[in-house]
Structures are given as C-alpha cells and as structure tokens.
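*Asks:* Before I ask anything, let me first share the structure, which is written out below as structure tokens.
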Amino acid sequence: MWDQGGQPWQQWPLNQQQWMQSFQHQQDPSQIDWAALAQAWIAQREASGQQSIVEQPPGMMPNGQDMSAMESGPNNHGNFQGDSNFNRMWQPEWGMHQQPPHPPPEQPWMPPAPGPMDIVPPSEDSNSQDSGEFAPDNRHIFNQNNHNFGGPPDNFAVGPVNQFDYQHGAAFGPPQGGFHPPYWQPGPPGPPAPTQNRRERPPSFRDRQRSPIALPVKQEPPQIDAVKRRTLPAWIREGLEKMEREKQKKLEKERMEQQRSQLSKKEKKATEDAEGGDGPRLPQRSKFDSDEEDEDAENLEAVSSGKVTRSPSPAPQEEHSEPEMTEEEKEYQMMLLTKMLLTEILLDVTDEEIYYVAKDAHRKATKAPAKQLAQSSALASLTGLGGLGGYGSGDSEDERSDRGSESSDTDDEELRHRIRQKQEAFWRKEKEQQLLQDKQIEEEKQQTERVTKEMNEFIHREQNSLSLLEASEADRDAVNDKKRTPNEAPSVLEPKREHKGKEKERGSRSGSSSSGSSSSGSRTSSSSSSVSSSSYSSSSGSSCTSSRSSSPKRRKRPSRSRSPPAKARRSRSRSYSRRVKVDSSRTRGKLRDRRRSNRSSIERERRRNRSPSRDRRRSRSRSRDRRTNRSSRSRSRDRRKIEDPRGNLSGNSHKHKGEAKEQDRKKERSRSVDKDRRKKDKERDRELDKRKEKQKREEKDFKFSSQDDRLKRKRESERTFCRSGSISVKVIRHDSRQDSKKNATKDSKRHSGSDSSGRSSSESPGSSKEKKAKKPKHSRSRSLEKSQRSGKKASRKHKSKSRSR
C-alpha cells in the first residue's frame with residue numbers, strides 16, 4: 001500500500017479483478033476494441049459507487065496543486081526509480097510487441113502516466129510555475145510529478161500532473177488524432193478546477209492548430225472525459241494508445257504512397273522532356289530534394305503546433321514531430337534515393353557520350369565526299385545530261401563537297417606538317433652526327449699529317465747530315481790521296497779491298513742489328529736521331545777544321561821531306577804524337593759509335609712498317625747472296641788458273657805464289673768470318689732480348705728525360721766540337737809526318753831492290769798488310785766509306801790487269 005497524505009489506497013473489488021483478468025485472457029490484444037472496453041469499465045466503476053470521492057487535502061492551492069506533493073515529488077521519484085520493475089514497465093515501446101502488463105498483486109492499482117514526459121521550463125510570457133510544457137523529443141524521461149499515487153482514482157486529478165486546465169488547453173489540448181466522439185460519454189461532473197490566468201497562455205495558441213493530416217474538427221470534450229481517461233487502468237490506456245498509433249501509421253503510409261506517386265509522375269515528365277530536347281542538357285535539380293524541403297517545412301510547422309496543442313497520449317506528439325519510420329520504410333527510401341542519384345548520373349554521362357559520338361559521326365560524314373568524285377569526269381558527264389538536275393539542288397551538294405574537301409585538306413595539311421617536322425628533326429640529328437664524325441676524322445688526319453711531317457723532316461735532316469759527312473770525308477780522302485805518290489797506288493788498293501770486305505761484314509752486322517732493333521718505338525729512334533744530329537754537327541765541325549788546316553800542310557810537305565832537320569823534329573815529337581794518337585783514337589771510336597747508331601736509326605725509320613721477321617730474313621738472304629757470290633768468284637778464279645797453268649807458270653811464277661797465298665788467306669778469313677758470324681748471331685739474339693727490355697724501360701723514362709737529354713746533348717756537342725777541332729789539327733799533322741816517313745822508306749826500298757814491277761805489284765799486298773798493322777785504327781775509320789767507292793774502281797782495274805797477265 002502506498003500512502004499519500006495519510007490516506008489509504010482503495011483496493012479493487014474481487015469481481016473487478018477477476019473480470020479484467022478473464023477479459024484479457026479470453027481475447028487477443030490485437031483484436032480487442034479498447035474503446036468499448038474503456039466504456040464498460042467506466043460504467044462498472046460508476047455502478048460500484050462513488051466511494052473514492054474524497055475532499056481535497058488542506059494543502060491545495062487555488063489552481064489544484066498540492067504543495068506537499070510538490071515537495072515530496074523528487075523523493076518519490078528517486079525511490080521509485082530505484083525499483084527493479086520500473087525500467088521494465090516503463091519502456092518507450094512497451095505497448096508494441098507484447099500484451100500490456102497486469103497490475104501487481106500486492107499493489108492492486110497503479111495508474112501510470114500517459115507517456116514518459118519531462119517538465120519544460122515556463123515560457124517567456126508566463127511567470128507562474130503552472131505553465132510547464134512537454135518537450136517533444138525527450139520521450140524517455142519519466143515525469144518527476146507523476147509518482148504521487150497517494151490519492152484515490154477519482155481524485156487523481158488533484159496530483160501535480162493534472163495541474164492544468166484541460167478545457168482551455170494550457171498544457172493538454174484536445175487530441176487531434178484522438179478518439180471518436182461515441183467512445184467517450186459525459187459522466188458526472190467532478191470538482192471544478194480553477195481557471196487559468198491569461199498571462200500563462202502562450203500567445204500563439206489559436207494559430208497553432210495545424211497538422212499535416214487533415215482531420216474533421218471535433219468539439220472539445222468536457223473535463224470529465226479527460227479525468228475518466230486518466231482514471232483508466234494502465235493496460236486499457238495502453239490498448240487505446242496502440243490503436244491510435246496504428247491509425248497514425250496507416251495515415252503515414254497513405255501519405256508516403258501519395259508522395260511516391262507524385263515523384264514517379266515527375267520523373268516521367270522529366271524523362272519525356274529530356275527525350276524531346278535536342279543536344280546536351282545540364283543536369284536538372286533532383287525532385288527528391290524539393291520534396292524533402294517541403295517535408296522539413298511541414299515538420300517544423302508540426303513541431304511548433306505540437307508545442308501548443310498536446311494530448312495526454314504520446315501519439316499526437318509523434319504526429320507533430322517527424323514520424324518514426326520502420327526499417328523497411330527506411331530501406332525503401334534509401335533505395336529510392338540511390339536509384340534517383342544513379343539514374344541522374346547515368347543520364348548525364350550517357351548524354352555527354354552520345355553528344356560526342358554524334359559530333360564525331362557528323363564530322364566524319366562531312367568529310368565523306370572525296371575530291372575525286374566531286375571532280376571526276378563521270379559525274380561531269382552525268383550532270384551534263386540534264387536529267388539529274390531535278391533531283392536536288394546542285395549548289396548545296398557542291399557546297400557540302402567543298403566543305404568536306406576543305407576539312408580533309410586541313411587534316412591532310414596538319415598531318416603533312418607533323419611529318420615534315422619529324423623529318424626535319426631526324427635530318428638535323430643526322431647532320432649533327434655526320435659533322436661530329438667529320439670533325440673526328442679531320443682531327444685524326446691532322447694528327448697523322450703532323451706525325452708524317454715530323455718524320456719526313458727528321459729523315460731529311462739526317463740525310464743532309466749524312467751528305468755533309470760524306471762530303472767532308474771525301475775531301476779528307478782526296479787530300480790524303482794527293483799527299484801520296486803515284487807509286488803507292490797499287491799498295492793502297494790492297495788495303496782498300498780489305499777495307500771493303502770488312503765494311504761488307506760490318507754492313508751485314510749492322511743490317512741484322514738494325515733489323516733486330518727495328519721493332520722498337522719511334523721514341524727510341526727520335527732519341528738516337530738527336531744523338532746522331534749532335535754527332536754530325538761535331539764531325540762536320542772537325543772536318544771543316546781539318547780541311548782548313550790541310551791547306552798549309554801541303555805547302556810545308558816538300559820542305560819537310562827534303563830538309564834533314566825535319567827528321568830530328570819528328571824523332572823529338574814521337575812521344576807527343578803517341579799521346580795525341582791515344583786521344584784521337586778515343587774520339588774516333590766515339591765518332592764510329594755515333595755513326596753506327598745514326599745508320600741503325602735511319603734503317604729503323606725506313607723499316608718501321610716492316611716486321612722483325614722480314615728484316616731477319618732479308619739480312620740472312622743478303623748474307624747468303626754475298627757468300628754465294630764470293631764462292632762463285634773464288635771458283636771462277638780457280639778455274640781460270642787451272643785452265644792456263646802453263647802460260648802463267650812461264651815468267652809469272654812469283655805471281656802464282658802470291659795469288660795462292662792470297663787465296664789461302666781469303667779462305668781462312670772466310671772461315672773465321674763464318675765462325676764470327678755465328679757467334680755474333682747468337683750474341684745479337686741475346687742483345688735483342690736485352691734491348692727489348694731496355695726499350696720498354698726507356699720508353700717509360702724517355703718522356704721525362706727526353707728534354708733534359710736534348711739540352712745535355714747540345715751542350716756536349718758544342719764542347720766536343722771545340723775539342724775535336726783541336727784534336728783533328730794535331731792528328732792531321734801527325735798523319736802527314738807518318739806519310740812522309742813511309743814515302744822515304746818506300747823510295748829506298750825501290751832503289752835497292754832489283755825485282756821487276758810485277759813482283760813489286762805482287763808483293764805489294766804483304767807489304768801493305770804490314771803497314772796496315774802499323775797504322776792506328778783511327779786512320780782506317782776515316783777512309784772506310786770513301787775507300788769503298790774509290791776501291792771499287794781500283795779493284796776493277798787490278799782484276800783486268802791480272803786477267804790480261
């Protein structure tokens with residue numbers, strides 16, 4: 001039992017409880033007529049008597065509000081909210097999926113609020129606490145003034161929830177989606193409620209009777225109907241609310257169907273307009289957006305009207321606010337939206353694509369008439385007949401053909417222009433590449449020309465130097481020949497022949513050595529050439545001085561040979577002459593080496609492009625030819641001697657003996673020469689290997705030391721030039737003295753001897769050999785090259801004389 005103000009809660013009679021329970025169990029809640037049930041319950045309640053009518057408690061205000069209830073409201077709210085059955089009983093959808101809950105057995109009657117409500121602060125133009133409004137969105141909050149269940153059911157209007165005047169609609173207006181008039185009948189009047197102040201009324205009360213659904217206007221039911229409705233049990237009120245919600249859902253479905261039909265009609269009109277129009281069109285505004293805007297405006301109006309006119313049930317609140325939609329309806333709306341969006345996008349894209357395709361087709365069709373057909377002789381002959389003129393205007397066809405030809409001309413010109421640009425770029429690249437190649441080839445040619453010019457200049461210089469040397473040596477030989485008497489000519493021929501043989505051997509050796517060293521690079525040859533040039537300059541200088549000094553000697557010779565004091569001077573200067581001989585022999589040995597190196601360098605330059613194997617073969621072939629020639633000559637001489645032995649023996653016995661000795665000597669020489677050649681060939685091979693290694697080293701060091709060597713060689717050549725000049729003067733003087741001595745001894749021998757001129761000529765080789773042994777080596781080196789030339793002529797004369805003998 002709950003208490004309120006010390007008054008006990010009246011229990012239902014047993015027959016009422018049994019009747020209600022039997023009624024609930026007999027019928028299905030979905031098929032119950034809740035209005036008839038409520039009328040029956042009210043009639044039974046009135047028949048049971050008005051025992052529950054009690055006077056108001058002393059703490060009532062003039063407007064029917066209980067002060068003690070207002071004070072105890074929050075406490076009761078807190079206590080009641082802690083109950084475990086509270087949340088289960090007061091769910092927002094408690095009447096949708098299950099039967100209304102039965103009253104508890106211990107607490108027989110518990111009238112709930114019409115819906116979860118919340119007190120809203122008063123409006124601006126109301127100063128009293130009685131003008132509270134229900135917020136439409138806060139539906140799940142329980143009213144704090146709805147828990148005072150201390151009074152009887154008939155006086156339940158005295159509670160703080162029923163503090164407003166229902167007739168004037170300050171907080172609860174007449175139900176707009178409410179019950180039909182026959183469901184509620186006027187009952188006995190209850191206690192009159194005090195009138196409400198006008199300042200507590202909202203100013204826009206009469207203007208806010210709006211709703212999106214047009215319903216018949218009903219008269220305001222009396223206050224008794226509202227009070228009776230509040231006194232109904234919870235399960236009957238739940239049934240009534242359920243019935244109202246079902247009606248609202250039906251109305252909403254009808255409205256949605258109308259909207260859908262309107263949308264479909266608008267879509268059809270839009271598609272018809274799009275098909276009728278030509279060309280691309282801009283995307284039209286979506287119709288669904290405008291409908292949503294209209295719905296938003298209606299919902300705002302409904303919310304504003306819902307704040308003013310309220311019913312005790314939550315059904316009218318849902319009508320004024322946005323209607324709650326089921327999941328199926330939401331899915332259906334989403335499908336509609338997606339369809340609309342997709343169709344709009346598809347239409348836009350297809351319109352653009354169709355426009356571009358049509359444009360391309362039109363452009364191609366205008367290009368279709370070719371020039372050949374427009375200008376062909378067949379068409380000209382057909383048009384000349386006159387029968388085709390009536391089928392169409394020729395001017396339009398000509399214009400079309402001209403347009404097509406112009407467009408085709410422009411396209412062809414563009415293509416040609418592009419092709420020309422590409423060809424020009426390609427040609428430019430080719431020209432650049434060719435220019436680069438030509439430049440490279442020219443540079444290579446210039447380098448080769450420079451190298452060849454340098455080589456030619458070098459060879460020319462060497463040839464000039466050799467010619468100068470030969471001229472100087474020829475002058476020396478001529479001077480020496482003039483010094484000698486004509487009687488010494490046959491004695492001189494023999495040593496010249498011997499010099500020839502030696503020179504040939506030396507030439508073959510130098511050829512082989514030069515062939516072995518021909519594989520060396522141009523750097524070594526250039527270095528040797530620089531050395532040779534310096535030596536040539538020094539030798540030329542010495543030859544000039546010698547030629548100058550020889551002229552006064554000629555004048556002094558007869559006086560020296562005739563006068564006896566000259567002999568004393570010679571004997572005195574022998575020691576001095578020996579010293580001079582040693583020095584001159586050294587200098588001449590150096591000159592020989594330099595000449596040999598010069599000759600070898602010249603041969604290397606001539607044989608650069610030749611391989612060493614070819615040079616070796618040629619040198620060997622030359623040596624073989626020389627051997628064969630010598631052997632053939634010796635055989636021919638032997639045959640001649642054998643053919644005429646008797647004629648030669650009579651009167652020329654001494655000559656045969658001399659020739660036999662000479663042949664024996666030649667054979668011995670040839671044998672010794674062969675042995676020497678073999679040894680020298682071996683030594684050359686070794687030297688070649690050594691030279692190759694040296695050349696590799698010298699090539700590395702030559703780059704850095706070539707310049708320094710050139711400077712040093714120039715300085716040495718200048719020094720040697722001065723020294724050789726002084727030495728050559730001394731040597732020439734000494735030679736002239738020796739020649740005078742030899743001439744004197746020869747004259748004495750000739751006068752004393754009684755032999756014939758033939759013996760003297762036959763014995764001349766032996767005497768010449770003895771003289772040759774006495775001669776120093778440096779005197780031979782001077783007359784080697786010129787003796788070859790003059791010796792050839794003398795040998796020919798000697799051979800002719802020997803044959804005639």
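Cβ coordinates come from backbone N, Cα and C, glycine included.
For reference, Swiss-Prot lists these features for the protein:
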COILED    237-276  coiled coil
COILED    427-461  coiled coil
COMPBIAS  75-88  compositional bias 'Polar residues'
COMPBIAS  100-115  compositional bias 'Pro residues'
COMPBIAS  183-194  compositional bias 'Pro residues'
COMPBIAS  238-258  compositional bias 'Basic and acidic residues'
COMPBIAS  473-486  compositional bias 'Basic and acidic residues'
COMPBIAS  494-508  compositional bias 'Basic and acidic residues'
COMPBIAS  509-550  compositional bias 'Low complexity'
COMPBIAS  551-560  compositional bias 'Basic residues'
COMPBIAS  607-639  compositional bias 'Basic residues'
COMPBIAS  732-753  compositional bias 'Basic and acidic residues'
COMPBIAS  754-767  compositional bias 'Low complexity'
COMPBIAS  771-781  compositional bias 'Basic residues'
CROSSLNK  Lys218  SUMO2 cross-link
CROSSLNK  Lys496  SUMO2 cross-link
CROSSLNK  Lys703  SUMO2 cross-link
MOD_RES   Ser204  phosphoserine
MOD_RES   Ser211  phosphoserine
MOD_RES   Ser290  phosphoserine
MOD_RES   Ser304  phosphoserine
MOD_RES   Ser313  phosphoserine
MOD_RES   Ser321  phosphoserine
MOD_RES   Ser465  phosphoserine
MOD_RES   Ser467  phosphoserine
MOD_RES   Thr485  phosphothreonine
MOD_RES   Ser726  phosphoserine
REGION    75-331  region 'Disordered'
REGION    382-805  region 'Disordered'
*Asks:* Count, for each of the modified residues Ser465, Ser467, the other C-beta atoms lying within 10 angstroms of its own C-beta, and report the residue with the smallest count.
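*Replies:* The modified residues Ser465, Ser467 were compared, and Ser467 has the fewest Cβ atoms within 10 Å.
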*Asks:* Helix, strand, coil residue numbers for the compositional bias 'Basic and acidic residues' (238-258) per DSSP?
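*Replies:* Helix, strand and coil residues of the compositional bias 'Basic and acidic residues' (238-258) number 21 helix, 0 strand, 0 coil.
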*Asks:* Give the mean pLDDT for the coiled coil (427-461) on the 0 to 100 scale.
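*Replies:* PLDDT averaged over the stretch: 92.
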*Asks:* Under DSSP, is Ser465 (phosphoserine) helix, strand or coil?
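*Replies:* It is helical.
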